[in-house]
């Protein structure tokens, strides 16, 4: 229940404080976290674990933002804090007057960097969303180059009698040498590790050893030349992972994963415990003015830096960083054991105030880890910041993500804009064409990962079927090639899967590989000025127009030929209309005793006159209709075309009940259609 409120790092520091107090209480001298032990043995496992399992896609997509926070933000913190602390020292009385500007700038460079160990310890417990996690953690990883450069630069400048402009320019250039040199060392060792893993198929036991060995050699080589060891480890882990995992066995992959997690967890535990023990054991010099000013200015510099840099970054980001995100980034700037170890490395001869610096550094570390680390979880819940998705992405999401990547790459090509997706696609094509062939053994360098995984799964399933003796009940998921490879003996005649010859199967695979797996072929660049006119385009347009006109004409004819259901008038209304124009009703001799409805256009005397000529059969005679009459139904005759808006009337008979009328309306009503134009006949003549 305590670990749900207090982060693990805080509890470990408390354990270290208790252990240090007990050791000191029995009269022994507690051990101190020496910088050599920290930098050579405790820090590399944590950084290698972070670099090897780095989520590469969000890291590369937010690389610009991370670099701005890591480089510009750390420089701002160092110089802002160093300058203000120098002002405090000048105004703070006799105990602080002797501290020079370079010493304050060196102190600012030590305390300004966000610590990756502390960030990992806290952020993995609160399960913050991937964007915020990669921004803060990426900043803590990449600011190592800035910290190393500033630390060594100010340490060297402290020995100089006079600092010239040339020294400052060389110091600025050394940042690029340290950062890019560290990355280059890491890439070289990563490629060597990947190439070595290509030849370990006959001795799987030592595969994990090569990963750890080459990574540690990259770190030591970078530190040997005062380059950034952290960036070398990250680069080595990122470069070697895809190729090494394609070459090594599944058991070796599991070994690497769990050994790295265990090793980094042990290192993290030892770091925080030793931090607590060193606090009790070390020499301290407490100065209220210096310590409180350091703590206050650290918070102010972090908040101002995040606000200003985010305002600038949001001008270029599609997904903007919200005020909640900015608060978490500023609040998550934790300090840790790297700052303590760098402070411990200071020399007493040149920095007589080392004890005061260490006291201020430990105070800032304790404040950020205890206060900010303990309150960040309730603040994340209070602000309703988006949490990390615990479930893995489905294959459907992976496929659609890749599809959108190819789509955006194509759009960039059409626009002629060489953006992020264009260069990413170039790199992937170069990787598939050249690098994979050199670093990955066998057919796995040619097959996509999904196809290779499917082959591995079907091989495993086929082996299980053979071992269990269920070869006669082969499921449809297992292809014939796996069965033929594993059990080449003749199979029974009744087979679930149809037999395919080797040649036929190889031909099918070749067709699929050449056509389906080329996700994006290089085509000629699109240019609207050099488009060739299509000779058939005009003919196609004419054909489409003729089809459209024919369809419209057919629809019009259907509207003309469809007779809508007539509404039923009351008998009183029908008699009144018949009485208004009795001459309109004339019996027809050729009607053969069938009711004939004749539609008469309105006359000037009676604007609405509709005549019913014969209503004897069926309707008024009272006799049941014969089968012949029933089959013939009503015969409708037209006297003259009617104008739109004319009312049609007929006398309801026995067969004209409301239910029959509803049926007629359903059968005859074609739905919404255009109204007939003025002067058009409702039913054309001759029909």
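Residue numbers in this text run from 1 along the chain shown.
Cβ coordinates are placed from backbone N, Cα and C, and glycine is handled just like the others.
A TrEMBL annotation is a machine prediction, not a hand-curated record.
Annotation source TrEMBL lists coiled coil at 502-529. The domain 'Sodium/hydrogen exchanger regulatory region' annotation in TrEMBL covers 477-562. The region 'Disordered' annotation in TrEMBL covers 583-687. What TrEMBL lists as transmembrane segment is 6-25, 37-54, 66-89, 101-122, 134-154, 166-196, 216-239, 260-282, 288-314, 326-345, 357-380.
Scored on C-beta pairs under 8 angstroms, the neighbour of the transmembrane segment (216-239) with the top count among 6-25, 134-154, 288-314 is 134-154. Tertiary proximity for the transmembrane segment (326-345) is limited to same-chain residues at least six positions away from its ends with a CB under 8 Å from its CB atoms, namely 32-35, 38-39, 42-43, 69, 110-111, 113-119, 122-123, 128, 132, 135-136, 144, 147, 151, 271-272, 274-275, 278, 298, 302-303, 306-307, 310, 354, 357-358, 361-362, 364-365, 368-369, 372-373, 376, 379-380, 383, 385. Between the transmembrane segment (6-25) and the transmembrane segment (134-154), fewer than three CB pairs separated by 6 or more residues in sequence fall under 8 Å, so the two stretches do not touch. Between the transmembrane segment (166-196) and the stretches 66-89, 101-122, 134-154, 288-314, 357-380, the greatest number of Cβ pairs separated by less than 8 Å involves 134-154.
Long-range neighbours of the transmembrane segment (134-154) within the same chain, counting only residues 6 or more positions beyond its ends whose Cβ lies under 8 Å from a Cβ of the stretch, are 47, 50-51, 55, 58-59, 62-63, 65-67, 69-71, 73-75, 78, 102, 105-106, 109-110, 112-116, 119-120, 123, 171, 174-175, 178-179, 182, 226-231, 234, 328-329, 332-333, 338, 342. Counting same-chain residues at least six beyond the ends of the transmembrane segment (260-282), those with a Cβ under 8 angstroms from any Cβ of the stretch are 9, 12-21, 23-24, 29-33, 38, 41-43, 45-46, 48-50, 52-53, 117, 120-121, 336-337, 340, 344, 355, 358, 362, 365-366. Beyond the transmembrane segment (288-314), the same-chain residues lying 6 or more positions past its ends with a Cβ under 8 Å from any Cβ of the stretch are 64-65, 68-69, 72-73, 76-77, 80-81, 84-85, 88-89, 92-93, 96, 107, 111-112, 320-321, 325-326, 329-330, 333, 335, 356, 359-360, 363-364, 367. Note on the transmembrane segment (357-380): residues 5-7, 9-10, 13, 107, 110-111, 118, 121-122, 125-126, 128, 275, 279, 282-287, 290-291, 294-295, 298, 327-328, 331-337, 339-340, 343-344, 346, 351, 387 of its chain, located 6 or more positions outside it, place their CB under 8 angstroms from a CB of the stretch.
Under 8 Å from some Cβ of the transmembrane segment (66-89) lie the Cβ atoms of residues 59, 96-97, 99-101, 104-109, 111-114, 134-135, 138-143, 145-147, 150, 289-290, 293-294, 297-298, 301-302, 304-306, 309, 312-313, 329, all in the same chain and six or more residues away from its ends. Residues 116-117, 120, 137, 141, 211-212, 215-216, 219-220, 223, 229-230, 233-238, 240-241, 256-257, 260-261, 263-264, 266-268, 270-271, 274, 337-338, 341 of the same chain, all 6+ positions outside the transmembrane segment (37-54), place their C-beta atoms under 8 angstroms from a C-beta of that stretch.
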